[in-house]
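Written below as structure tokens is the structure these notes are about.
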């Protein structure tokens, strides 16, 4: 076999991950892959970033006051837990990362540091205790994306996610006056560390693995990952060739919790990424806060939109309107111009008018407004298409603007087509809280089922991910539009990227409150105590107003205070994950290499459905199927009894239906049997639930079945 030249090696992974990253010819890589001691060879791929009020909405406080039973108090605000963030770096000057209120020295177990030597590099303090960068793979793949050899965040994404997970309380934070209040991280007394593995919105595979290895070795308790592949892993064979899957497996083997964003490719099904069972995969939900404004038409009709604009129109004046498709330059295709790409609008037609742009076309929403402004327009109405439905987003536009739903857009077009001189005004936006039917699932949030692992329900949990206020870089505008000169220490962003660090922060609190718990126990506690109702008591809705399913929100929306005392947990060890890999088809030789020779597959490999997960999925029910689970007592001794709601068309039984726990730490097993009802087949995936209760605790599990025959 050929050995790679030393100068071709980018990284040698020697601390937790046994391997290396190198620039190799395809033939050499193929020969290395055939070597008996090699588990996997993966080509470097690019992963994408998944781009206040939320903690109050999750009942951790009320009107700014921390409640007596808040997880913040139980978890001592995350005191001395270490949260690592693999992302685009950190803006260290942010008030979210100052150490003026930090109590005590940096934990002695911490091995990390701030390694920047560049001018304006990131330096450590007692709050921000680590900052490292990894760019060797990116320098080979796309050198223009690398902005320097430093951990400084020039994009804002990493600063936003890290401050959401572990930023300190900062009063009087806002974005241009919107969402004014105290910015809060989930674990405000945690120590935080930034690992810059993403550059210009992309994260190269070898850099990601290097970041995982460093965070594990440095001593992180929680690793937060708000990026992933564009699409789910295609095959079981390529499962361990995905860098987040492989890096997070090594974290799990070392007792480190890994939390990942589910992806922003919703609302289509089978789009969820980061779906390995050893990570907690997070969907995005809304909070009960909006930023509404009103469009008033010349016929005195009113429609409500959403915006974070920083300039306003004269309140008494009505402005002429024009569709962007009617304002196209002679050299531009009107269909293309309808979405307002830069340089497509005719200034003669646009000057001093409100322009109606259609959402989409791969043009950033704020860029559309910049196009209108540059052409001399005075305002913009961003109109949803039919696929967008009622899903509207507030953006910090560069001119008076709003976004309206598809139904409102139809009404707008009807008025414009019937009037010789259509006119309108856009009111200033305001911050409104207490919005009903919240939370709901964000349209962009990626959905299950997981095509690679249909027997594991993903996402696991939903958390606030829409219009989240958190710290930001001052290197660029919060809009990230090149010509936007505005700067803000805080920004409002949306994405599963924003939902992920909410869970990372809560796991940090659980680590402080229950240090003896495994990462799997913490995930179980979060999942089995989640809510599936909104603030009106109705079932959580999807973006289109229909009842959401477990493929959208997993076990439900997080309710952190309950997670400290779940009563029972579904626990897992690294050996359980190895057995699961055996069930997937990996052999004892593969597992021996992954476990340094400490594990071989059992003679009788259990089905993948028997993984002791807090949710139950039977992806291909043929007549009958039985799955096994184990529950561990993590509270007072008690007898728990099972109740369940069987999925439609499926007969479901639980045996035994009562479990008596005599002491803390005791483990009991039960089995669930499913039988299909012949006259009710062909409905696809159907949903139910299983609840174990002692009268005080309610340990809930979603149940998902696809009955084939």
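Cβ from N, Cα, C; glycine included.
Here's what TrEMBL has on this protein:
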type	residues	note
DOMAIN	7-50	domain 'Inhibitor I9'
DOMAIN	79-556	domain 'Peptidase S8/S53'
ACT_SITE	87	active site, charge relay system
ACT_SITE	157	active site, charge relay system
DOMAIN	338-412	domain 'PA'
ACT_SITE	497	active site, charge relay system
For the domain 'Peptidase S8/S53' (79-556), the averaged pLDDT of the predicted model is 92
What's the CA to CA span in angstrom from residue 87 (active site, charge relay system) over to residue 157 (active site, charge relay system)?
7
Rounded to the nearest Å - Cα separation of residue 157 (active site, charge relay system) and residue 497 (active site, charge relay system)
8
In the domain 'Inhibitor I9' (7-50), how many residues does DSSP put in helix, strand and coil?
10 helix, 13 strand, 21 coil
